[in-house]
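What TrEMBL records for this protein:
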- 1395-1414: compositional bias 'Basic and acidic residues' (COMPBIAS)
- 1422-1453: compositional bias 'Basic and acidic residues' (COMPBIAS)
- 1541-1552: compositional bias 'Basic and acidic residues' (COMPBIAS)
- 60-148: domain 'S1 motif' (DOMAIN)
- 164-235: domain 'S1 motif' (DOMAIN)
- 258-323: domain 'S1 motif' (DOMAIN)
- 342-413: domain 'S1 motif' (DOMAIN)
- 430-499: domain 'S1 motif' (DOMAIN)
- 519-588: domain 'S1 motif' (DOMAIN)
- 613-684: domain 'S1 motif' (DOMAIN)
- 706-775: domain 'S1 motif' (DOMAIN)
- 1015-1088: domain 'S1 motif' (DOMAIN)
- 1128-1201: domain 'S1 motif' (DOMAIN)
- 1209-1277: domain 'S1 motif' (DOMAIN)
- 1303-1375: domain 'S1 motif' (DOMAIN)
- 1-53: region 'Disordered' (REGION)
- 1375-1471: region 'Disordered' (REGION)
- 1513-1552: region 'Disordered' (REGION)
Amino acid sequence: MAALEESFPRGGSRKIHKSEKSHQPSVEHGNLFDISIEEDPPKGKDQNGPAKTKKSLCKGMRILGCVKEVNELELVIGLPNGLQGFVQVTEICDAYTQKLNEQVAQEEPLKDLLRLPELFSLGMLVRCVVSSVSITEQGKKSVKLSLNPRNVNRVLSAEALKPGMLLTGTVSSLEDHGYLVDIGVEGTRAFLPQQKAQEYIRQKNKGAKLKVGQYLNCIIEEMKGNGGVVGLSIEQSEISTAIATQEQNWNLNNLLPGLVLQAQVQKVTQFGLTLNFFTFFTGLVDFMHLDPKKVGMYFSNQTVRACVLCVHPRTRAVRLSLRPIFLQPGRPLTRLSCQHLGAVLQDVPVQGFFNKAGATFRLKDGALAYARLSHLSDSKNGFRPEAFKPGNTHKCRIIDYSQMDELALLSLRTSVIEAQYLKYHDIKTGAVIKGTVMTIKPFGMLVKVGEQMRGLVPAMHLADIPMKNPEKKYHVGDEVKCRVLLCDPEAKKLILTLKKTLVTSKLPVITCYEDAKPGLQTHGAILRVKDYGCIVKFYNDVQGLVPKHELSDQHIPDPEKVFYVGQVVKVAVLNCEPSRERMLLSFKLLSDPERKNGSVERRQKSKKAISVGQLVDVKILEKTKDGLHVAVLPHNIPAFLPTPHLSDHVTNGPLLYHWLQAGDTLHRVLCLSQSEKQVLLCRKPALVSAVEDGQVPKSFSEIQPGMLLVGFVKSIKDYGVFVQFPSGLSGLAPKAIMSDKFVTNPSDHFVEGQTVVVKVTKVDEEKQRMLVSLRLSDCRLGSSSSTSLLLLSQCLEELHGVRSLMGSQGRDSVLIQTLAKMTPGMVLDLVVQEVLEDGSVVLSGGPVPDLVLRASRYHRAGQEVEAGQKRKAVILHVDMLELEVHVSLLKELVNRKARKLKKGRKYQATVQHLEESFALASLVETGHLVAFSLASHLNDTFRFDSEKLQVGQGVCLVLKTTEPGVTGLLLAVVGPAAQRVLRQTRKDSETVDDDEEGDPALVTGLRRQHTLALGDTVTGTVKSVKPTHVVVTLEGGLVGCIHASHILDDVVEGSMPTATLKVGQSVTARVIGGRDVKTSKFLPISHPRFIRTIPELSIRPSELEQGHTALDTYSASPGEKIEHYQAGQTVTCFLKKYNVVKKWLEVDIAPDIRGRIPLLLASLSFKVLKHPDKKFQIGQALRATVVGPDSSRAFLCLSLIGPHKLEKGEVAMGRVVKVTPHKGLTVAFPFGRTGTVSVFHMSDSYSETPLEDFMPQKVVRCYVLSTADHMLTLSLRLSRTNPETKSKVEDPEIDSMQDVKAGQLLRGYVQSIEPSGVLLGLGPSVVGLAQFSHVSQSSPPKKDLYRKYLPEGRLLTAKVLRLNHNKNLVELSFLPTDTGRPDVLSVSPELPLQKQEERAKAKERDRKEESQQRKEKKNPKGQKEGKLPNKEQTEVKRLGKRERQDSEGERVNKRQKKANLLEEDDSGVEVYYREGEEEIEETKGMLPKPAEVPRLRLSSGFLWDVGLDSLTPALPPRGESSDSEEDEKPHQAMHKKKSKKERELEKQQSEKELSRIEEALMDPRRQPGSADDFDRLVLSSPNSSILWLQYMAFHLQATEIEKARAVAERALKTISFREEQEKLNVWVALLNLENMYGSPESLSKVFERAVQYNEPLKVFLHLADIYAKSEKFQEAGELYNRMLKRFRQEKAVWVKYGAFLLRRSQAGACRRVLQRALECLPTKEHMDVITKFAQLEFQLGDAERAKAIFENMLSTYPKRTDVWSVFIDLTIKHSSQKEIRDLFERVIHLSLAPKKMKFFFKRYLDYEKQHGTEKDVLAVKAKALEYVEAKSSVLED
């Protein structure tokens, strides 16, 4: 496009003559206007560089520009000084070019590829580099630019990048956590994190993710690997304030345009400034790039902020701008055009003249304008510089606007000033213009029509007749007069015509379909000639059809012989539909002699006449009771349009009538009949379309039997329906062929005025009568789904039209305006006004205060609502006649899920709202609202009651649209009828017993009719006895049914009434109703199909009494009967079955009244709820309490445990739905109520892990504490739920501070660590605070360590110190002196537990040591005991205060080791710090009994730097605290001293013990038993993943999740990067850990990290296996779908997914996956994949299907021995011996190479040796011998 368009229409510089070249320098001066700023001209030229003119632009120049124009394939970039250049679509970035190539290769648009107009906006500033400056064919210079970062930033290197640099780049790819950005620096990868792009996406990108090719201003935030990886930010606040500094190493070689820098003014001249920046560099500022507010105020050495405009690659001249708009990077230019573009201005004064550049002018508004030198005169010879002295005035024209300079560009050329058109926008379609012939081509002639505009005259439009040699008539340079056929300014497309008739025509032109009014005459050119007529083209590509019968008064059999393409014709418009872009034309009006030569009266008469079948426009005059009185335009002929004829949809007629007003105009109305009294009109689209398509017979002779015609119901009689057609003919549809259904009353099936389709069955030409059929089976127009969709679309379009009418008619009413804007699916915040008696809710609070919205009882969704409450609701339907809005409060509709829907796919949906002609449903998966037509045909209007849809009923829909249109609804059609009926049957009759439906006794006599009436007494014999009913054979072979509820008057609870009857027993019964044969539904006696039902009988004594009249109640519908039952009423019901899926008991109260007992309301016993089938028997009588009717009123909700009101104090069974760590449970009850259980109400005795035993779906017994909020407050304490047990309450309930007393000992859970202390939860709403001084006797050196040793949820005992009622605070203490418990930090629950065996061994060692000490005490020299107590006390204090900092891994010399020898002692406390950390590591002691206090034990047996005399022997464990024991022991030992010999013996003993310990530690068979053991092992084998996993498992056994995580993280840091498999093992273990013990968020984070550090495919597959093993099937499925997109070329993924689906018994889905795999994988992989899937079918699916797959493969590839081998292996595993031998027989008869045949014979022989007899083995050997002999004979031959 750049080659076609002139790049610089008003720019350029004059050519240099040869004579001038010696004087004229090759480079221009440093400013725009060719004035040297420096005194010494040569020096100035060298320093300042060239001005930015076309000459000065050179390849490689880096320059700042703004987007001036965006086309599909190129950008037009405005440059400084009024220049412009072009950027081709392939010069954006490499990634974008690659995407374009992919799009071209696959010949269809890519979804994630944006077009240039979507990537770039006008005014956007961009950094460019000049890629070429070329000369076009017209001699103009064309500048091509590049935005590719690889070219723009080529001057940068990875080493030169510094943080804070402002660069430009383009998005090259989208990643999981952000975007890869191409900044064009070789060796550098730039990454933009997601969080750094959020603000930009929200503000600038309208919330949409960044796409490939998007141009960004980025700032470098961080760098890694010496510039190898850089992190970017695009936050606007950082970009706009970015300053280029000297520290960033910018220089003249790498300086980029667009950088903002600090500079100092070096010199001020009248033409601008010289600036000094970065100490050593200078740059120029033209005066028009000064800050307009500071012009004249600049001075030397002033500090300013400047923006780099361009850098010359050779001279290194730098141009700068001080304009404020450039000093905030990232901001687009705001002023993009000039207000008076194209205006001719008189007397514009010259501001200044600049030699070899141009002149500036001052406009009237004070703005500066500029004219280039070439535009100052018409020719170079006529140019006079003296005419442009300042103050001289000239006439000029504004021809363009330079956005970069904010300057208007002028021209003084006479040709430009007098030009008719300056821009394409100035040219109007249909205008006659003059032009000059430029060139003549085979496809047409190019004509120049302006300075920069040219148009094309297509070859067809060079003359009125086709021209063979146009060059003989037209010559280059000729002036021609043309007419504009088409002008598209955006595409710069101009199409002209030279046809003389069109150019000189005085008739009106048609430039759009709206111009084409009926009767209008105009000229056009024939575009195509077809058998059915001619297509005539006008202006702006407007086309119309002249049908064959309108070509002439005489019949033209072959139009192609009479007319030709390009022929100019005069036509008249018959009819036009602008919305459908259709126009009907005629040639006949022009050829009619009467039309041409007739009198004016005859013309007027012919104009006024309206023929039957004609389409007209009408204007409404007034509204009457039956319709609209209208005037037919244009002659205002009176006519009448009945209300039913306004629409094809019966319900839309009154709606349109209501909102149409006098003065409205209706288009395309059909004339039905004409009489002297009135003209009858019709606006039904079906009839109008039929007339247009010529499908309406005009006379009786044209009608043939079998024809399908469209008409409307004219009248309805008892014997049939009369149908009239648009031509005035009519036919009769007799009652017998009126419908496929039985017709009792024709008025039930059709209404007068209804549109119908009929099939002609019989024609009587003599009597001019015909019979027609209205049956659907006869009148199908196409598929029912397409017809249904068409009807729905028409109906919704009409409703949308009514909304438009409302919007225009109700301008004065805010309510009507609001209703007009409301569409289904809108979510509103409403306020409840009142709850009506029928259960519906009236709401208000929408956009209009007096707007009332209504939610039915069903759409109230069982919520407890009260007046004044706020609720979110979704609009279902707006009743535009009653001005009512129907809304729903259902959560699944309000909170729709954002999922991608697929067109044509089947979805399960629930009916939410019903209208006459269509229904609204919601998709079960997402909650989207979908509309579907209730009729599949125009005749499909009648439904039996059993066929009618109900709100809440399930349907199967096929989506036809995936985006809601103006109606706000998705469109769909009903799925297969079988699915719908099945779902409906289950809905209405979910409790139909399988035995009952399939009962052969009931099947007999299905077709028999009977004459039984209500109350008849019959006698019969019991044929069969079922638990819920008894089948009776009546006289005459009829079969009757007795329900369990109609056998006894008084039924004993738990009994089975049907057991009282025996087969063969005679019974007398009374008829009370009938049961439908097909649906088994109970029907009353009044039902029309009653005579074909199975009679329902009763043998109750009370009903057999004579004169009993209660039977009449059965005429009521089941829904009405259900309403008679009151909540709390007790009823007797009979168990039908236990629904395992829905978890409820289905029962019958009566034959037609059904009930459901949710399992949770069946018993308060866990044992019963676990095995309900053992407690309840089918047919058993149960005594239940009515809870209320279901929302659909199809059945009663019952309870076996009394009224289910969930009031305060009630005990009820619930089901856990959510477990919130450290908080509690969320419990759901039947009928939608939910409640919460605090962690303080889980039990009467708190535990360390109160939520451990609870998981979703677990049944719990709850006590209702409060019902104040929407959520119930519950308790699981046994003292509440079962007070009879009188269980001991160890931890009392604390609901307020009144329940707490000072000095009381309480237990609670740690909530958090605050700066002031530790918060301990004492109750749901009571929190205590323990200041740090009251937490522990020994505080850790860092407060953060409290969080590790006092994690959230830890159970602690505290003493209440005082109650601060003012602050509502309980002050607590955890100190051992207050609580009598061990110190909370020394007895941490996180310390590892010691086993009981170790404790026993330690006790044994204690006893030995004590006996040894007794022997030593006999030595009189042992007197040195006095120092021991002091040291022990000191040590205990140190341990208590935690001041020791012993390093675990520290190595000491031998002397130190000997000095610090330590005898093994169970009572010793090991407290040490890890190397490099200050975290305290401790070990736990195992609790031998619940009453004993845990004591700290040695984990490793010794410490390196602890003296022997600092340790004490172990004491037997007691109930007292360890602190008191340690305090007492030194005092007991103070009075005795040890002798020297005793000390020596003790020392020797210790050394022996130490040696023993060291030997034990060195024993390779020793199993690690503590964290220290594991630490030693991983130090010796740091790369062994098995050791690390055992270490993690050790912590997990002690439920120390955080420690296990820490070990995993430590392993990942420790294991060498070369050991990829070892690291992967740890990652998989960490994924397992997070899956079992973590949250989905923590698992997601670990997974993302694992993908980064390992092979992604392996990590994905491992996580999928983890999900599958933990039965998280939904998550596994979603993960596999991600894998199929990311690794679609990996066959392992497809095979794994197939196995996953087969394990879940989804064989169909697995087979679809196989098909997808074959589409995605290369052909060479197909066999392998099919084989793998066949193996999976063998192992997990259908073996027969697997065999079929193998057989199919082997029939195609019979010589694939590998496939045969696999087939044989699987057959041996899964098939019978006969099948195996048959397969072997086939194999050994294949024609394969002998080597392969030997393999198969060996396999056969091995099989027979293992499974066969000796005879079988010999038989195989014989066959092998036979094969060898046969082969040998062939070789001999």
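If you go along the chain as it appears here, the first residue is 1 and each next one adds 1.
A Cβ is built for glycine as well, from the same backbone N, Cα and C atoms used for every other residue.
What you see is a predicted model, and the numbers here were worked out from it, not measured in a lab.
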Tally of residues which DSSP labels helix, strand or coil - the domain 'S1 motif' (258-323): 6 helix, 35 strand, 25 coil
Per Cβ pairs under 8 Å, the stretch of 60-148, 342-413, 430-499, 1209-1277 packing most closely against the domain 'S1 motif' (164-235): 60-148
The domain 'S1 motif' (60-148): DSSP-derived helix, strand, coil residue counts: 23 helix, 36 strand, 30 coil
Helix, strand and coil counts within the domain 'S1 motif' (519-588) (DSSP): 10 helix, 35 strand, 25 coil
When counting Cβ pairs under 8 Å to the domain 'S1 motif' (342-413), the leader among 60-148, 258-323, 430-499, 1015-1088, 1209-1277: 60-148
Contact between the domain 'S1 motif' (258-323) and the domain 'S1 motif' (60-148) (at least 3 Cβ pairs under 8 Å, separation 6+): yes
Local confidence of the domain 'S1 motif' (706-775) - pLDDT mean: 90
